[in-house]
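Here the structure comes first, spelled out in structure tokens, and everything after it is commentary.
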């Protein structure tokens, strides 16, 4: 929503070019950063889901009794507050100043660094760059590790399913004494896990370029907004916004293509979207 509001300047420009420029400058401080920070929040949530699924396929009986909807909601809330809160100082180092333009006989806004920035020096921008490296690196590492574990268990379960051992649970006497249980994934869990792996792969493809961007900015201080390489920074930022939009959009097609429950629910809500070749309920 923030990204859409920011781009209203194109519509305003059709009416009055000055309105377009004013809107972009007045909203840049808030509406440009917010989608970026929201993207990191979604990455954190996806990482939590990958950990949860990894535990579910590794130690299902223990995890399913511990991970409740309330616990998941609590973790999601805490992660959102931590990630968004850690980036929030960036909202407060810019200000919008108004200067008189004698050529157009108008008072026009411009973005400038405020007193907080000069009081803290480079601390806040450097923290932003560090977090831009830290979060993707941590999230990528966790997603890759959990994906490897999930693939290992998925392969074992698929082999068992192929041998006709779908959803069987084996408990030996020693297992009962020691409280250890080995189980196979059901065919439904295999499908859900495969879908999750595809979603994780899409997130990783969105992560990696962003990680490279902030690593470059960390070693080249001038590669940042309103610095020497401002234009290049903006171009790359726009590219990553496009990747974010693709990431957000492609998940719908992943779910409708790989999740029968999602597909069924979607066609119930939007029956006209149901392919004509499909049989009716």
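Note: Cβ is positioned from N, Cα and C throughout, glycine not excepted.
Automated prediction, rather than curation, is the source of TrEMBL annotations.
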Inset, instruction - Among 157-181, 232-256, find the range that TrEMBL records as transmembrane segment. - result: 232-256
Legend entry - Feature transmembrane segment in TrEMBL, mapped to one of the ranges 111-132, 133-154: 133-154
Inset, instruction - Over the domain 'G-protein coupled receptors family 1 profile' (1-255), work out the mean pLDDT and round it to an integer. - result: 76
Inset, instruction - Using a Cβ-Cβ cut-off of under 8 Å, list the residues of the same chain that are 6+ residues beyond the ends of the transmembrane segment (232-256) and lie near it. - result: 3, 32, 35-36, 39, 42, 195, 198-199, 202-203, 205-206, 209-210, 213, 217, 223-225, 262-263, 266
Inset, instruction - Go through the chain and flag residues at least 6 beyond the ends of the transmembrane segment (28-51) whose CB is under 8 A from any CB in it; none is fine as an answer. - result: 2-3, 5-6, 72, 75-76, 79-80, 82-84, 87-88, 90-91, 94-96, 111, 131, 135-136, 138-139, 142-143, 146-147, 150, 196, 199-200, 203, 207, 237, 240-241, 244, 248
